[in-house]
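Engineer: If you look up Swiss-Prot, you'll see 1-64 marked as region 'Domain I'. If you look up Swiss-Prot, you'll see 65-139 marked as region 'Domain II'. According to Swiss-Prot, the feature region 'Flexible linker' maps to 139-143, an assignment based on sequence analysis. Per Swiss-Prot, the feature region 'Domain III' maps to 144-192.
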Amino acid sequence: MLGRLTGLLAEKSPPQVLIDVGGVGYEVDVPMSSFFNLPAIGEKVTLLTHFVVREDAQVLFGFLTAPERETFRMLIKISGVGPRTALSILSGLTVGDLAQAVTAQDASRLVKVPGIGKKTAERLLLELKGKLGADLGPAIGGKPASDAQADILQALIALGYSEREAQAAVKALPAEVGVSDGIKLALKALAR
């Protein structure tokens, strides 16, 4: 029904945003991966959307990239995975990380996502096997080389940097850098 929205970003309140399209405000739920990459309030934004109509609600879900939306649509087709759970999965893992977990059949990565238990994780791995390509990983952002780099990336995102900026800063760090020193170096690089 609604495939895309282009308008001004009026409000941001995780996980929801308000997009002003020609004087009409659309409330859109977005995964945190998209939320952290949104422009500043008042700037133009385009979101690919998926509209869910239920007996008690009509909810619009938005995504910055087509792979995110397609993955969301794959997830909600799986028994026991509704739109909120799918949004939670895409907030906890990038599409690339999810693809890598599916390829490696790594349920432990999926159970780290809030709301995903062992049985649901195993069902996801079974249902998505062969459907979600591992080749998506590098195209969507890939996986940090180490746990320290993953922690640095999370810290930078928590400080308000976009995922893209944070990934570029982490990529420029020496491989064996610790979390504390890595954050300091990344912040210096981002300040330039």
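Glycine too: its Cβ is placed from the backbone N, Cα and C atoms.
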Engineer: Write out how many residues of the region 'Domain I' (1-64) are helix, how many strand and how many coil, based on DSSP.
Structural biologist: 4 helix, 38 strand, 22 coil
Engineer: When DSSP states are grouped into helix, strand and coil, how many residues of the region 'Domain II' (65-139) land in each?
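Structural biologist: In the region 'Domain II' (65-139), the DSSP-based counts are 50 helix, 0 strand, 25 coil.
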